[in-house]
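Engineer: Take a look at the following structure, please.
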């Protein structure tokens, strides 16, 4: 008797809930919910549904649908006109439609000035304490107020030794940031310190990629800014300067060249010893980004000194990687054997191990005008859209789930895991450079929602579990960079609010006695005693530029791009002229039809954001709420 009463009560409860859902949303019990991720209607959870209805709801949730192939259906809304509910499930996210407008639609000039000052103070708090407590060592330990150099007692500690070469890394990496902040006198002092104290004749084994982007790129950038008065900060030349920074850059690049020797594919070894070359015990495996993101710095150096060697080896590595892409998907893997050309890791994505490879295909084209670079970028971008992208077709219109780029098997496009990493947050900025501003807006909103939830970006975030997989945040700049570039493209005050949120989070969660510390755990906000050089070189720089509309970079008639380490590089005619014959005139790496629709051509879609949208939300409130819910904000 008691059992029958329970059954009757459950049936009545189910019918009651069904009626309520029908009245509220037009949803009957036979329709599954198209909720993103693992959204379970929280009134009574999923237990109220029959088991077959549970499976139906799961099949229609984003966490299930996103595992599909990268075909047209998986990239769009998944809702057919025959089977769609009478009311869109997006109605669940409408709520107070003015909430986001009230919060984000304006940003007073007085607040912008305050945030600019806050970003400037943040930089100098880190920089001054580095100079006081750490220089000439590579990094500052901001909690203990001490310097940090290579871990000489443990050569296998590559987390430290790949980056720190005992060459005053943080000072070199921040040279052009001093000019961005308008401090010419400190820039001159720092340049003199580098000239007088830095040597690369060290028994240090470093990662080629890190030495290239942090050291070589900064030396080249500072040299260009010193020697060319028509560039953004005017004539900031240093008396008696005799190209010493360029000579240092050349010396470092020569010491990195052994990485390209004795490799049967042309893909470089990941590490070199600055004195002795490739270590005898060096591994034969490297990541795609590490081997394929040398072309900007090596190419500029070659064109500054008239020696094709550096550009040639960097371009040969890019071509070698390009030849190894999948014939089926056009995708590349994550880790490759430099001797055999076999893929060690078949994961293809936009984050760690692959990110700057795509970035430098486009930026190399912008700098050097080599059509081969843009054809490779276009083909890569098409493969990314076909196989990595999930979600509705349009960012700001229609039904379905918000766009997301997942990690897949390079050979078949099948999803490999359910996490993304924080380095992927660079991709909206790259989309802006390519003119795909609408897509950039939607993807950026996803990373910002994660930031809002945790006050940082966890190194890995599991979109299915709505939780971090890897919990630390080392003060990375990628989200700030994309925020800055989107603001430059749209001038929408929403992005100033994003920058303010990031600034305030860093002040609250990362500031310690002598600088800003890596967050060990984004939930409990425990810290690690490390402030990586990119915090000053990139994170602080992009935050300052976001709020400084009158910066010379923004007012100059000349155009600039930033390297993947945030160093300022002019788009200059002299970098589009080679002092030598074509590197490989007979080699046709890419045979796609040439296109004039480059990222800065007359046919570009850079102007896709209408003027009337400049001061409305970049993303409709309903979609913002949908994304916020997707990461567990409500």
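These residue numbers are counts, starting from 1, taken along the chain as shown.
The backbone N, Cα and C atoms fix where each Cβ goes, and this holds for glycine too.
Note that TrEMBL annotation is computational and uncurated.
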Engineer: I'm validating the feature mapping. Which of 38-60, 61-83, 84-106 is tagged region 'Disordered' in TrEMBL?
Structural biologist: 61-83
Engineer: Spatially speaking, which of the recorded positions 355, 459, 478, 564 is closest to residue 210 (active site, proton donor)? Use C-alpha to C-alpha, please.
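Structural biologist: Smallest Cα separation from residue 210 (active site, proton donor) among 355, 459, 478, 564: 564.
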Engineer: Among all the protein chains here, how many other CB atoms are within 10 A of the CB of residue 459 (active site, proton donor)?
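Structural biologist: If we count other Cβ atoms within 10 Å of residue 459 (active site, proton donor), we arrive at 21.
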